[in-house]
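Database features (TrEMBL):
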{"type": "DOMAIN", "residues": "B:16-237", "note": "domain 'Glutamine amidotransferase type-2'"}
{"type": "ACT_SITE", "residues": "B:Cys16", "note": "active site, nucleophile"}
{"type": "BINDING", "residues": "B:Cys253, B:Cys399, B:Cys455, B:Cys458", "note": "[4Fe-4S] cluster binding site"}
{"type": "BINDING", "residues": "B:Ser300, B:Asp362, B:Asp363", "note": "Mg(2+) binding site"}
Protein chains: 4
Amino acid sequence: MNATMGWDDDKPHEECGVFGVWNGGDAAALTALGLHALQHRGQEAAGIVTLDEKGLFHAHKGLGLVGDNFGEAKVIASLRGSAAVGHNRYATTGETALRNVQPLYADFEFGGFAVAHNGNLTNAYALKRALVRRGCLFQSTTDSEVFVHLIAISLYSTVLDRLIDALKQVQGAYSLVALHNGALIGARDPLGVRPLVLGRLANGGHVLASETCALDIVSAEFVRDIEAGEVVIIDDSGVRSVKPFGRNAGRFCIFEYIYFARPDSVMEGTPVYETRKRIGAELSRESGVAADVVVPVPDSGVPAAMGYAAEAGIPFELGIIRNHYVGRTFIEPTDQIRHLGVKLKHSANRPILEGKRVILVDDSIVRGTTSRKIVEMVRQAGAKEVHMRISSPPTTHSCYYGIDTPERSQLMAAQHDVAEMARIIGVDSLAFISLDGLYRALGRPARDPAKPEFCDACFTGDYAIPLTDWQDNSDRQLSLLQPAGQ
Amino acid sequence: MNATMGWDDDKPHEECGVFGVWNGGDAAALTALGLHALQHRGQEAAGIVTLDEKGLFHAHKGLGLVGDNFGEAKVIASLRGSAAVGHNRYATTGETALRNVQPLYADFEFGGFAVAHNGNLTNAYALKRALVRRGCLFQSTTDSEVFVHLIAISLYSTVLDRLIDALKQVQGAYSLVALHNGALIGARDPLGVRPLVLGRLANGGHVLASETCALDIVSAEFVRDIEAGEVVIIDDSGVRSVKPFGRNAGRFCIFEYIYFARPDSVMEGTPVYETRKRIGAELSRESGVAADVVVPVPDSGVPAAMGYAAEAGIPFELGIIRNHYVGRTFIEPTDQIRHLGVKLKHSANRPILEGKRVILVDDSIVRGTTSRKIVEMVRQAGAKEVHMRISSPPTTHSCYYGIDTPERSQLMAAQHDVAEMARIIGVDSLAFISLDGLYRALGRPARDPAKPEFCDACFTGDYAIPLTDWQDNSDRQLSLLQPAGQ
Amino acid sequence: MNATMGWDDDKPHEECGVFGVWNGGDAAALTALGLHALQHRGQEAAGIVTLDEKGLFHAHKGLGLVGDNFGEAKVIASLRGSAAVGHNRYATTGETALRNVQPLYADFEFGGFAVAHNGNLTNAYALKRALVRRGCLFQSTTDSEVFVHLIAISLYSTVLDRLIDALKQVQGAYSLVALHNGALIGARDPLGVRPLVLGRLANGGHVLASETCALDIVSAEFVRDIEAGEVVIIDDSGVRSVKPFGRNAGRFCIFEYIYFARPDSVMEGTPVYETRKRIGAELSRESGVAADVVVPVPDSGVPAAMGYAAEAGIPFELGIIRNHYVGRTFIEPTDQIRHLGVKLKHSANRPILEGKRVILVDDSIVRGTTSRKIVEMVRQAGAKEVHMRISSPPTTHSCYYGIDTPERSQLMAAQHDVAEMARIIGVDSLAFISLDGLYRALGRPARDPAKPEFCDACFTGDYAIPLTDWQDNSDRQLSLLQPAGQ
Amino acid sequence: MNATMGWDDDKPHEECGVFGVWNGGDAAALTALGLHALQHRGQEAAGIVTLDEKGLFHAHKGLGLVGDNFGEAKVIASLRGSAAVGHNRYATTGETALRNVQPLYADFEFGGFAVAHNGNLTNAYALKRALVRRGCLFQSTTDSEVFVHLIAISLYSTVLDRLIDALKQVQGAYSLVALHNGALIGARDPLGVRPLVLGRLANGGHVLASETCALDIVSAEFVRDIEAGEVVIIDDSGVRSVKPFGRNAGRFCIFEYIYFARPDSVMEGTPVYETRKRIGAELSRESGVAADVVVPVPDSGVPAAMGYAAEAGIPFELGIIRNHYVGRTFIEPTDQIRHLGVKLKHSANRPILEGKRVILVDDSIVRGTTSRKIVEMVRQAGAKEVHMRISSPPTTHSCYYGIDTPERSQLMAAQHDVAEMARIIGVDSLAFISLDGLYRALGRPARDPAKPEFCDACFTGDYAIPLTDWQDNSDRQLSLLQPAGQ
């Protein structure tokens with residue numbers, strides 16, 4: 001739960017995207033494309049491990065974007081084979097070492113094994129401590145290595161049994177893809193917090209991916225979502241399914257709909273873009289206000305703003321322009337640049353804003369720092385009134401299930417009520433969609449506190465998976481090595 | 001007129017952005033910000049030359065984005081002084097050598113001189129040949145060096161007179177900023193084809209920039225556009241204006257409104273974003289068609305699509321999603337990736353398109369290659385009908401005035417009529433805005449062929465500035481050196 | 001036993017240098033200096049792990065020279081602490097991945113542990129196979145990781161007992177330095193094949209190093225050689241010694257004297273430079289020949305040539321000049337360069353050679369390829385006769401104890417008798433020092449076959465340590481992962 | 001005369017090596033090899049310009065060693081043609097910009113022209129000022145660009161006449177090679193201060209090079225030295241010679257024999273290695289002293305020490321070992337490393353020095369800083385007495401003819417007499433060879449002050465070429481641009 005902020009500043013960050021393919025022809029090229037389509041889920045590093053027809057594994061990993069690492073034909077050519085798993089990583093500062101880049105690979109007694117993982121384990125530390133006591137050596141600081149060790153020491157004989165043995169010991173949220181010499185395996189945690197979908201290639205091969213947009217880019221047909229708690233085994237005889245945790249109702253991450261997922265993805269049967277527009281419309285109904293224009297905070301606020309504007313009958317305008325050439329390099333500014341703050345990324349479209357009553361629509365407020373700067377910019381451009389509408393409920397709790405959010409002490413909504421937030425941000429009014437409104441926009445009547453259908457812990461503090469590692473803080477001495485540079 | 005295409009493929013490319021500051025405090029930081037706001041005008045290279053209070057000049061240039069080259073505080077700190085000129089370069093393949101990166105600097109008899117230039121000279125080759133015969137040595141292959149030599153050999157004594165002497169000898173389109181030990185100078189060609197604006201800093205200093213968005217980022221107040229054929233001299237006593245070519249009606253580049261300029265800029269008094277919406281509305285009136293959704297080709301087609309949709313009363317939807325993580329590295333694809341073509345940059349939002357009659361709105365068709373791929377993608381996503389509407393007239397002629405366009409033989413509209421184009425692109429209908437409609441959207445009654453108010457040569461072939469170098473092809477032997485690597 | 005040749009071509013290669021310090025003030029800087037002095041023992045990669053007063057470990061590793069990786073003050077500053085271990089690596093092609101760079105580090109139950117190792121284990125594969133069966137995961141392809149796993153799973157409780165437990169299971173040649181939260185540990189294998197010396201700093205701290213030249217550079221006083229089979233534990237209470245293998249006669253690598261060690265080092269009480277001169281003198285006595293000049297093959301043949309020339313009463317002359325600017329970059333030559341072969345590194349000093357009877361003195365012949373080229377060059381420079389004298393016996397066997405030598409099939413002396421070698425190399429006469437002569441030059445009467453005092457397996461095939469991994473080739477399937485790029 | 005010291009610290013530095021080839025087959029490969037053999041004359045940058053059979057020029061330049069820039073086959077392949085000129089550059093800090101790397105190239109009216117230059121002009125500034133007044137634009141800060149402009153503006157019609165016109169206007173020391181579409185040209189200044197030799201390839205082609213060692217590497221036969229004041233024109237009809245300055249006695253740089261040239265070169269008929277030995281012998285006769293060993297300061301002091309030892313009958317021993325792995329990266333040391341000073345590059349061979357009376361032989365003392373550190377190191381290794389003998393006279397004056405030496409204020413011998421120098425350096429005795437002794441070692445009776453045969457200004461202050469730029473300090477304002485980074 002690192003509070004360090006990445007370069008896309010004041011947003012929660014998805015921690016990973018995964019992709020796997022079996023019988024895919026040029027599996028490395030397909031995986032590179034799939035990871036490219038999932039680039040929004042992690043930009044720090046990317047890796048692919050392939051398996052060729054001789055049973056040999058091939059790997060390539062690197063820091064940076066998929067295109068930076070897999071753009072050269074010779075790299076793709078070196079990753080021989082028709083099966084592969086791949087991974088996009090979002091990582092917090094200081095941990096972006098190459099050794100942490102997934103997929104992780106290990107030589108087991110039964111042969112090679114590669115695994116890539118999206119999510120976060122909540123008892124990883126406890127398990128790691130026990131494994132180290134047993135004599136296991138950890139080489140990375142990722143949760144995912146825990147899976148690998150648990151599989152290595154399992155007393156079961158088949159790979160599948162060993163993997164299930166491992167899954168039964170871990171707690172947390174995970175969607176994983178794994179590859180060994182006989183099959184591609186996909187698995188979701190018992191609550192299905194993180195997404196994973198299955199697709200079919202024209203040639204009969206199969207694909208696993210975090211989102212449907214990664215199926216589209218490789219022209220794979222959507223088959224179905226992997227279910228909560230399901231393990232699928234894909235080999236040359238087809239797709240088998242195992243339910244080691246029995247049948248149980250899942251609680252899919254509601255924030256995927258609000259912000260994380262790409263708008264052209266469909267998650268658990270619900271299209272993301274349409275959902276965001278419905279959330280905007282619901283928000284308009286809940287907290288309408290007289291205004292001249294509805295302006296999204298780009299890019300993520302656009303669909304909700306469109307929904308809001310249509311419902312309210314107020315013109316939708318691009319009053320804020322985003323500069324897409326912002327790289328990582330304006331990170332060491334002089335004082336003079338620092339004062340100009342958020343303007344590096346956004347600029348006000350003055351003719352649209354001047355003299356107007358403006359409704360700004362954004363998807364969330366985390367620390368509130370960016371919101372304050374945007375409001376200031378909009379006012380400097382001449383807006384007469386500024387009303388902010390947020391397409392999520394107040395983010396009052398940290399996520400422990402795979403999303404990089406600040407500690408509660410830094411979450412604005414955990415420290416202040418809405419009126420105070422409005423004052424700090426500097427708006428004439430501020431409103432969030434209600435939790436029930438959000439559920440309604442997702443096609444449910446309202447949230448049933450006895451049996452909520454989504455993981456909404458960041459809004460409610462209702463943590464459905466135990467936070468084991470955070471309840472036992474007695475002994476945190478492992479991994480003292482500070483890699484000064486690799 | 002190099003026909004090589006850059007990485008943003010099938011669009012014409014602006015060739016440069018310029019920025020200058022006098023009495024600006026930390027001039028280098030301001031210039032870096034200004035160039036960052038102008039990054040859309042050139043991403044190949046960036047350079048800044050500053051002048052400090054001791055009369056010393058300092059320079060830094062590099063290939064890549066502004067942020068890549070000017071992100072470190074120590075670079076900005078090394079560029080001492082309160083006056084500066086800067087330049088963003090778009091360059092065609094093979095010429096991206098560092099020696100071509102502007103601003104160009106020279107030691108003259110009267111002291112140092114730096115110049116940065118947006119545009120293209122049409123008699124540069126003829127002038128260069130004469131200068132070489134005289135014993136002048138060229139070190140770059142840029143047009144801009146011609147200015148420098150003409151100034152160096154001018155028989156006039158003051159810098160200003162020498163510059164005007166040089167301007168009178170060149171033909172072409174240019175907006176330039178120049179810096180010497182006594183002043184910052186800005187100049188536009190007699191027809192004012194390329195833009196240049198003047199702004200004032202809070203401290204009384206002045207700024208010159210290609211677009212108003214670069215004034216906004218440094219919190220400079222817009223003063224006015226530099227006029228066609230005007231030379232402004234900015235020094236500690238203020239701003240002076242000279243009109244060496246007399247008074248004449250300008251012909252500003254109409255394509256700046258359609259595509260090049262940033263939407264939040266205001267050019268010649270006309271806001272760009274609003275203009276694009278008006279063009280879309282006009283286009284809807286001219287060539288309406290029954291449909292279910294209006295979908296922009298992102299990002300440049302968005303405002304025109306909004307205007308079209310509003311005028312037509314058809315829902316505006318983001319049916320195509322753009323992947324902003326496309327870098328330069330997917331340039332060497334395997335065959336398998338190549339077949340997937342345009343999908344690296346765009347993806348279809350299937351739930352929006354499936355079963356619908358779709359109007360696609362884009363700003364231009366150059367070669368048509370991208371349009372065809374986008375239409376194919378939209379059809380694969382299930383669109384029932386696809387109608388394409390273009391917010392510019394057919395691009396039938398190359399630009400010689402500073403925009404990188406292909407030769408006529410590669411311009412689709414120069415080789416085919418609209419019906420054929422529709423067939424090749426694969427749409428059910430295709431329409432371009434009329435030339436008069438475009439003028440109307442810009443607030444004029446219609447185009448007056450006797451006295452057109454804009455440079456619209458790319459649509460009409462009406463080249464207002466002589467194309468000297470293209471009329472004399474006898475002797476093209478200079479610059480035989482092929483720099484194999486620098 | 002990889003036969004790939006490094007860039008210093010036709011010589012055997014030392015595989016590593018190690019350095020450790022306890023209570024050394026700025027331990028990282030001392031270690032960087034010590035590794036720099038040991039650079040001749042490995043140029044592929046370098047690494048340092050330090051331990052600070054809070055018990056935290058810090059690491060930095062990189063491919064390339066010590067100076068390339070530890071030249072910046074900020075790197076040294078980040079490696080806090082007064083204790084450290086460091087390593088220079090020589091590695092064969094394809095294995096120069098960063099994950100293989102030592103020191104290796106692991107989090108054990110009892111805390112952090114770092115180890116660096118010079119030598120080669122001869123049962124590493126057998127041990128690795130057993131460890132993998134047990135569920136251990138290997139992350140590198142180095143022998144040294146076997147030590148780490150054996151320590152991790154040992155049932156003993158103290159670090160020292162666990163290390164000794166591990167040492168008792170491995171076979172091979174090793175000198176290692178290890179660091180944990182309580183001590184710096186040094187160890188040599190039971191035969192003491194590879195060197196390790198102990199020194200004392202002015203402040204009372206201690207240093208371990210492969211050679212005395214690394215003590216000199218940090219102004220440490222030489223204390224003594226670590227003995228064969230000895231384990232020393234250095235902590236704040238001083239230096240303790242353990243002899244887990246009992247007392248036994250060692251067999252130090254005789255080739256260290258001939259070629260590997262730096263000439264200013266003193267090994268097992270014998271100064272290297274003087275020894276090389278004595279070998280040259282002995283060689284002259286054994287196989288004198290009438291000649292005009294004695295010319296060393298630089299740089300390593302210089303002391304032997306001096307000894308030879310003095311004994312023979314023939315002038316010593318620098319008839320071959322070495323170009324010290326040869327980098328790694330002439331590795332991809334055009335055909336024309338390839339024909340010019342060895343001349344990139346050596347050139348003939350024609351005025352010295354022309355018309356002369358020349359005795360060339362070199363230290364060894366491995367493949368013979370370089371010797372042939374040098375002789376050809378000397379003849380082209382006009383030498384009338386060329387006699388070659390070698391300051392080692394014929395290299396007829398591969399080394400399995402930490403030196404990179406080709407397979408026997410590529411060792412010239414394993415395939416040809418001396419007369420054939422002379423013919424192939426193109427010399428008028430060729431002679432090697434005798435094995436007894438070599439022992440005499442080292443101050444022994446002659447070699448006692450029943451109880452040889454040195455490891456001379458490369459000359460005799462008398463392998464004193466079992467070659468377990470080479471005797472069981474049944475199952476070589478681990479580590480199938482081909483890292484395509486890291 | 002920049003006083004900044006390079007990485008090889010306290011030595012004067014040769015400023016360049018040049019190479020040219022006509023009718024050489026793969027001219028680029030030959031030139032790369034020739035420059036590699038001349039690498040000791042400049043390590044900062046290297047460049048090659050070739051001319052192909054179509055009359056097209058091709059160039060590649062880069063910072064760093066020849067091997068770093070020309071090691072890849074594709075680079076050599078891109079440099080098509082059978083004629084070429086190349087250059088190695090030694091440059092002082094701050095001026096190592098790529099634009100200064102030679103050969104310089106220009107498009108003239110008559111076609112392309114490339115020139116590379118070893119030496120230094122003494123009226124470059126005066127000429128540059130005049131040229132700038134005339135309107136010439138300088139792009140580099142090298143003297144060599146003056147040649148190019150003078151040729152460009154010459155009123156003569158042929159290239160040769162223009163070049164001679166230029167040579168007649170410049171003052172200074174230069175050996176240059178130039179290439180145009182009809183010929184390769186070589187020229188030495190009227191006094192022939194810097195070397196240049198002519199060689200012939202087996203195929204009949206010709207080569208020009210700074211030293212004979214560059215002929216040897218490409219298997220070219222030595223033809224003769226280019227004479228002082230001679231211009232040679234090499235084309236397909238053979239070699240022509242022009243003497244534009246008439247016949248005059250040259251004054252070759254005497255320091256080439258002492259230090260700069262490679263020992264296997266032959267200069268003006270005199271072999272360098274033998275000469276250095278003779279200087280050592282003469283030095284021994286002039287200033288013998290009782291001692292146990294003669295020890296060279298490696299590498300440059302070795303031949304003189306051999307000559308000294310042989311003449312004195314005292315054993316020659318390698319008492320100081322040089323570490324050849326010192327790169328450029330130990331330039332930012334921590335304090336602890338800084339204190340260890342010279343030991344990074346040299347180490348004492350303690351067993352040789354301990355308890356001995358040592359004669360150290362070096363070739364020169366510039367600042368004396370390194371000498372002091374070496375003496376300290378030798379004493380710490382236990383030497384009983386340390387006597388230093390220098391194989392050159394005291395360096396009392398700066399060089400203005402192409403060698404990088406400090407200002408007089410930093411030359412130890414310009415500030416102190418020999419007794420003081422001995423005290424500061426810390427030796428028991430210090431002696432330099434006499435000027436007459438040096439001439440004797442070179443085969444002359446003694447120096448004739450009326451007509452000295454060598455340029456020995458660094459020892460005598462007898463500057464044979466006017467120092468125009470240093471006599472007129474009135475106006476030094478050009479080239480104020482400080483390139484902050486390129």
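A Cβ is built for glycine as well, from the same backbone N, Cα and C atoms used for every other residue.
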Legend entry - Between B:Cys16 (active site, nucleophile) and B:Cys253 ([4Fe-4S] cluster binding site), the C-alpha gap once rounded to whole angstrom: 14
Legend entry - Pairwise Cα distance for B:Asp363 (Mg(2+) binding site)/B:Cys399 ([4Fe-4S] cluster binding site) [Å, integer]: 16
Inset, instruction - Check the recorded positions B:Cys16, B:Cys455 for other C-beta atoms within 10 angstroms of each C-beta and report the one with the most. - result: B:Cys16
Legend entry - Pairwise Cα distance for B:Cys253 ([4Fe-4S] cluster binding site)/B:Ser300 (Mg(2+) binding site) [Å, integer]: 17
Legend entry - Assigned conformation of B:Cys455 ([4Fe-4S] cluster binding site) - DSSP reduced to three states: strand
Legend entry - Neighbourhood of B:Asp362 (Mg(2+) binding site), C-beta criterion under 8 angstroms, separation at least six: B:Pro296, B:Val297, B:Ser300, B:Gly301, B:Ser371, B:Ile374, B:Met388, B:Arg389, B:Ile390, B:Ser391
Inset, instruction - Look at each of the binding-site residues, B:Cys253, B:Cys399, and point out the one with the fewest other Cβ atoms around it within 10 Å. - result: B:Cys399
Legend entry - B:Cys399 ([4Fe-4S] cluster binding site) - helix vs strand vs coil (DSSP): coil
Inset, instruction - Could you tell me the mean pLDDT over the domain 'Glutamine amidotransferase type-2' (B:16-237), as a whole number? - result: 91
Inset, instruction - Let me know the most crowded of the binding-site residues, choosing from B:Ser300, B:Asp363, B:Cys458 and counting other Cβ atoms within 10 Å. - result: B:Cys458
Inset, instruction - Could you name the residues, excluding B:Cys253, B:Cys399, B:Cys455, B:Cys458, of the same chain that surround the [4Fe-4S] cluster site, i.e. Cβ within 8 Å of the Cβ centre of those residues, in sequence order? - result: B:Val193, B:Ile254, B:Phe255, B:Tyr401, B:Ile403, B:Asp456, B:Ala457
Inset, instruction - Reduce the DSSP letter at the residue listed as 'active site, nucleophile' to three states and note it down. - result: strand
Inset, instruction - Let me know the DSSP-derived helix, strand or coil state of B:Cys253 ([4Fe-4S] cluster binding site), please. - result: strand
